[in-house]
Amino acid sequence: MPSKEMVDAFNTTGTLAVLAMAGDSIQLSMFIKASNSLMANANWSDISDDAFLNKSLNEQKLILAALSDAKSQQLQFLKNSVPPSNIEEVNVYSNVLFSTVSLIGGSKVGPMTVGIDARENCLSTLEKISGYLPNVSVVSASEYEPFAKSALEVMTALMTGINGVLETDELLPPRDIQAATRGTLDYDGAIPDDPNMVVPDNLDDVYKQSIMENTMRQSISQLNRMKVVVESLNTQVSSKLVAGQSFETRSSAGASIYIGKIREETLKKGKTIFSPVDQQSSVILPENFCPSKFMNKDSFCREEFVLMFLTWPVITHFHPKSRVFLARHSKIIELEVTSNDKPVNISNATNLINIVIPRDSDVHLDAMKVNASDNMNRAIPLVFHYFNITSPQAAFMINIKPSSNASRLVILVAHEMFPVPGKFLFSRLVEELPFIDDSRTLFIDSDMNNNRTGRFVAAIGKLLNNAHSSNFTRKDLDPKFSSNYELKITVLGCYYYDEPSLTWSPAGLKVISANATHTKCGTSHLSQFGSGFLPNVHEIDFDFIIANMGFVDNSTLYVTLILLFVLFIIAMIWGHYKDKKDIERSGVLPLPDNKPEDKYIYEVTFFTGPDSDAPCESQIYFMASGDYDETEVRFLPKANSNLYRRYDRNTFVMTTARPLGSLHYLRVFIDNKGRLPYDSWQLERVVFRDLQKSKQYTFETNAWLALNRGDGLADRTFLCANNNEDMTTFSQRMYNITNRNANQDHIWMSVFLRPTGSRYCRKERIIVCATFLFVSMLLHAMYYENEGESPIDAYAYIGPVPIALSQMIKGLAVIIFVLPFSTLLGAIFKRARPRKYVRCKALDAIEKQRELQLQKTGLTWKNASEKSKVITKPGWKAKPKIKPVVKCLPWWTRPLGWIVCVAAMTGSVFMVWSYGITWGEITTVKWFSSFFTTFLVSILISQWLKVVLVSCFGSICCVPNHSVEDIDCDEELPMLQEDEEWALMSPLDPSTVRDVHRVFGVTHDDDATKKLSVQLTKDRDMKFIVRGIFVYCLFLAVLFIIVNDKTDINAFLLQQHFSATFLNDKLFQATRVIDSNTNATLVFPNELRSTDHFWHYAKNLIMNTTRAQRWYNNDPPYGLRGFLDDRANRMVGYPILRQIRNARFVCSVPDPMNSVPHANNKRNRSCTGIRGVHMEDDHDYCANWVLGEASDAACNFPEFKYQTASQLKTLTTVGRLGTYSGGGYVIRLDGYEADVNERLDQLQKVHWIDKRTRAVFLEFSVYNANVNLFMTCMICFEVSEGGGIVTKWRFEPVRLLRLESNAKDNVVFFCELMFVVSTVFFTFRQLWEIKKQRCGYFYQYWNLAELSLVLLSWLEIALYIYKLLLTLAVADEFNRTKGNAYLRMDYPVLVDQFYTCILGLIMFVSVLKLIKLMQFNKRMDVLALTISLCWEELSYFLIAFIIIFFAFCCLFYFILFVYLPEFTSMLSTAQTSFSMMLGKFDFDEMQQANSLSPLLFFIFSVLNSMVLVNIMLAIILKAFKEIKVDLSKRENTYDVLDYMWKHFKKTLVLQPNAVNQVKVNLNKKEREGLQSERDFPDKVGQLLQQINSLYFDGKLDLCKPEAAKTVFSVEDDARPRRKLRPDARRDKKPKTIFFSD
């Protein structure tokens, strides 16, 4: 055997070249065959599996490179050799050709010895040989057998080579790698057909992908060419056969061919044709099979036909992804029926043609051995096995072989569930199943399976003797089932290659039966058929075993849980500390002016309001008046850090000498001495509790004690609220309840804002929050487990955590389930009473004060302690101080709530830990980031919704009693001893003025008080003005940031770039069209004049620009797949050409022109008509726009099928010549450039653009990652009815996605949230203004401006949400298709355009609103006052101006519309006329268009520019002068700058803070000599007393207001009714105080 050195020295390449040049084909063939024999047997070229693996990687590459080069040279010389002239030479040539590719099937690396170029040369040589068959003379068909064998061998080898390359993971043909490296392989930058294909970054991977794609393209092309070779052989062989004869042969590789000529009348009983390779592989023709009926329905079935039956040992079409449906070693059967050398299209046959498809017999599947006792389920005596079916129209086969008696064994099968008694799809007794391949077999065909896919579960068990296999219960299963068995589950399928879709499909096929080696399929059509065969069986282990629970492998899980636990412990410690402070703050303080001798005890509670300025540091005084007595002026303790704070509840104990009776009046006043702004006090409620009588009196105050708020009163008198009358309005109740519920019921905020009067402590709130958190985590984990991972389309990020709408919806669903549980826990802790009541704190406080007071008088501690005791009635049992509004729960429910919380937390943590261990580190991190959205939804949405809904329900449906606190109900009050003299008390004389009204208090009529009130009110107003301007400037800054995000300079540059690329590209000018008539060059777009120019533009610039072309050095654009030729913008989907055309018969030619000869001397009786949406065509056509008259092949053009706007997801478009709908006829510009250009040439030939075409749109979308911009691109080519093409374009850049790593986008997202909050605030403020001003609100300009701003803001928010939903839909489609499928963004871009326009309007109105905010300065009203003053004269002038201007527009339009494009419409004429007024015009064009133009232009300029404009200016200047004089006499309302300077100096301690104390007079007004209006109630009281004694015998109760109504009621309705008012200064009704008050 020659060595490699000897062969190299022989110079085989030179010898081949010499023989080729000599034209000696026989010698050349013999030399090639000898060389191939040498390489096949030499050790140095041995590529058998064992020998090849023993070589080093470098040696392997050298051997493959040498073989690949040798094969490529041989095939190149064979291709160029002289063709054969007789059948013997044909056989020799084909045999030599086979010897060249014989190494392909010899080993696993055999496919790497022949590259793309070698396979191309091989098939070309085979085609050349096959092409000479008709010229070769033969006597019988058997003479073709050597060629048929060799041709089958060659085609099998080529298929094997292609399949080997497509499924390889490592080695590739060396020749292909060299071609990819040199860039000689075709590399198209088009979007790939496979949506899931990833463009690699590594250059080696790019080379591999390029080789794979070229191999795949070659596979499609070569398989079609092989089909032509086989058909040529079929034609030649069948021509030598007579009816009843057949030709069959097989190759050594396992391929076979059967060609038989059959008469149809011989098929009445059907016929079975066996494969020459495998007698078990066959085709079974049905009874009365009649191919001629598929050509002629009236056939008598007496014709002859030829049946070709091919068996391929490999999968022929290996390139589709659907090849996974086929068994790896499935053979392919190909059937073809011809009649008179024409193929018969057999489809939808009534009787199925049965095909038995063999599989590789060397593939042996071992059954799984099962021990029933070890694998039996613990809950039910069954052994479960699961298997998956992923392919459509599949069948499955279960083989079971019991090791012992199979009596009463039962097999159950279920889909997507565990089969249990009563719930299963199929149930059979094993002993009743047929024996197939030495085992009991349950076969479920494709019809019985009914196209089910997914997870199936099979169960094996044993029935007791009396049970039936189709109807049994769990008790009928033998729990002692212990038989062993062998099990094998196989998934089966039948598929054919669908050539139009290039996929393996199960349509029209049925799995009839199967065994271990064959599958029997039924088909209603003929094609290439293969079978699916997938062994699939798994055991289910129900014991949860955690294999890896180490800290390192699950660091995120452990760190998160440990961190949450540490935070929980810290929160509990903090909660315990704050609970102790709350207990201190909830104590009772005695009033400093209590006297030790006073025995009657009242508990007084003052509630401070929720406003930020509600706290008070001034001295507080009060007086209370009842039926029997009234207090002196009492004062509260001085303010400190624990008293009179915001939301505070301060309780004091007050003693009096005797009972006051039922309380009616409460007077509260302050000295206004505190530091600003805490010199005032927002008093929400005052509650008096009579501890002697256990009665309660509530004063719903809701008022400010302030000189600079509301009516400026620091001294107010309040009426006691009637228990039977609701003294509050709905707004007041809503305001109070919302504030209370936000502090009490928001589980997260209430931890920090807990009311001091609640028994629901902070520790309990914290543990409820923790329980809510962990249970939510558990439910979210369960949901995540069932749903699985899905792509997150985040529109914002908080750090690395995505915020997505889909995650928010999932989080809200989880919270809805957890919320009732957490609410129940909160209710338990709120309502559970204490185990033991505590003694009333007020009694302890008064006893302690009395003890100290008595000790100061000299008493000893013991005596003082004894005398200070509160005397109680002996024998009376203590009872709760206040009856609770809602019935309390037993005390033991509180520890029960703790137990439930701890149990729920522990169980949830354990389950979450289990899920985390099972998922692994990566999935756990994704789940935690997904759960974070749920946590945000709870804090920001769900809890606030709960607060608002509960508040609305409470305000509308019930009147809650907020005066009763939880801690009041937890105190017990003993029955107190009463003095006897208290029972003898008489009511106060109603005819006298009470002291509560006679005390001077704060005198508001005093000049100093008035001056101070005015000053403080002005300072407060200026404070709000400055703060309002500052806040509004912040709002404008937020708005500006949002607007600035929409105004990216890159959007303009990107649009300019595309305009230059597609509309004025210099590269296009280099290849521009030459007009054959004028021999002039045409530059796009303005000079395109015919459809031929458009086709040239489409096939050159569009195709070259919409995909990356080769580099300047002719290197392929590796890594730029999907990019445009600018290499910066990535195509989203693929571009399309969409045609809009007029329907037929929409126009007719009028007489006499319809008789004029037109084309081909035919009369011109029809026309295409003008354009319009209602005239568009929407029918489906065949080629050449023929309606149902062409052949089937001509009707297979998808470009002639109409697609609706909803299918294309496009919008109506307005062009220069008309408006067009979103539907049309579409050309997809996807795929390889050569294929697309070939398709465009074909469409040009079949007149896809014709006389009825009205417009063609080029539409596509791109994305630029560098600037994060999408852009929709549309170029409209409108075909004018008069001839020519008019072009219009729109390139719309838009930003739809956020960058997770971009700080700017995070700032913008925060500003958008602030914009929503601001909109909500402004909305409530405007609603409040409308409520106050009612109809008058709509008569003020600034009110209308603010109302329009609010409406525009809500419209903006709605558009933002809608755009977000559309963007998420686009992103989901983009993720699903990797951006490779057809994807339009017209809807989100359109919504974004509206969004941007509305945003601009909002910015415009918002900036104008600054004028209103600065109206404290008189000069800011100049513009409005000037326009309002001159508006009447100006309106009449504008009417005259519009009339004159419109007259000139009409004149210009009718004279110049034919000649100048600026005057082709009234709108453009008006626009041009305005430009002429501003001095922008082209006088030369107007002069050339019409001789009257100079005169008309002169008159227009003089009249409009000189006369009318100056008249308007004179009117405005006159009004401005009058306003300026008037403003000089006014003063500014507020000196804001002085106020700011003063406060600036106070901040720097350059100016001391002034003391704003008012004088408080505690003396009483004297009765004698008082003539003031305040003494009027005394006189009225005396009058009522006299009337009562004189006319009513003293029976009227003058303490009730109804008595006054009775006295003063008269019969005359015209007289006004008068009401008795105890004091003119008191508030008639509590008033709701809002933050802006």
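Placement of Cβ uses the backbone N, Cα and C atoms for every residue, glycine included.
If you look up TrEMBL, you'll see 600-719 marked as domain 'PLAT'. Mapped onto DSSP classes, the domain 'PLAT' (600-719) shows 0 helix, 58 strand, 62 coil.
Annotation source TrEMBL lists region 'Disordered' at 1615-1637.
Residues or ranges marked as transmembrane segment by TrEMBL: 557-577 (among others).
The transmembrane segment annotation in TrEMBL covers 766-784 (among others).
Annotation comment: TrEMBL describes 804-829 (among others) as transmembrane segment.
Per TrEMBL, transmembrane segment is recorded for 896-915 (among others).
Positions annotated as transmembrane segment by TrEMBL: 927-945 (among others).
According to TrEMBL, the transmembrane segment annotation covers 1024-1043 (among others).
Proximity of distant same-chain residues to the transmembrane segment (1307-1328), defined by a Cβ-Cβ separation under 8 Å and at least 6 residues beyond the stretch ends, is recorded for 795-796, 1035, 1038-1039, 1041-1042, 1045, 1298, 1343, 1346-1347, 1349-1350, 1353-1354, 1357, 1360, 1634, 1636. Positions annotated as transmembrane segment by TrEMBL: 1307-1328 (among others).
For 1340-1362 (among others), the entry in TrEMBL reads transmembrane segment. Sequence-distant contacts of the transmembrane segment (1340-1362), counting only residues of its own chain at least 6 positions beyond either end whose CB sits under 8 Å from a CB of the stretch, comprise 1312, 1315-1316, 1318-1319, 1322-1323, 1326, 1329, 1333, 1391, 1394-1395, 1398-1399, 1401-1402, 1405-1406, 1408-1409, 1412, 1424.
Summarising the annotation, TrEMBL assigns transmembrane segment to 1393-1413 (among others). Under 8 Å from some Cβ of the transmembrane segment (1393-1413) lie the Cβ atoms of residues 1025, 1028-1029, 1032, 1035-1036, 1039-1040, 1042-1043, 1046, 1292, 1294, 1342, 1345-1346, 1348-1349, 1352-1353, 1355-1356, 1359-1360, 1363, 1420, 1423-1424, all in the same chain and six or more residues away from its ends.
Marked as transmembrane segment by TrEMBL: 1434-1460 (among others).
Within the chain carrying the transmembrane segment (1495-1520), a Cβ under 8 angstroms from the stretch's Cβ atoms is held by residues 1422, 1426-1427, 1429-1430, 1433-1434, 1437, 1440-1441, 1444-1445, 1448, 1451-1452, 1455, 1473, 1476-1477, 1481, 1483, 1486, all 6 or more beyond its ends. Residues or ranges marked as transmembrane segment in TrEMBL: 1495-1520 (among others).
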Positions whose Cβ lies under 8 angstroms from the transmembrane segment (1024-1043), at least six residues beyond its ends: 1307-1308, 1311-1312, 1314-1315, 1318, 1399-1400, 1402-1403, 1406-1407, 1409-1410, 1413-1414, 1416, 1534, 1536, 1539-1540
Can you tell me which parts of the same chain pack against the transmembrane segment (1434-1460), counting only residues 6+ beyond its ends and a CB-CB cutoff under 8 A? 1427, 1466, 1469-1470, 1472-1473, 1485-1486, 1488-1490, 1492-1493, 1496, 1500, 1503-1504, 1508, 1511-1512, 1515-1516
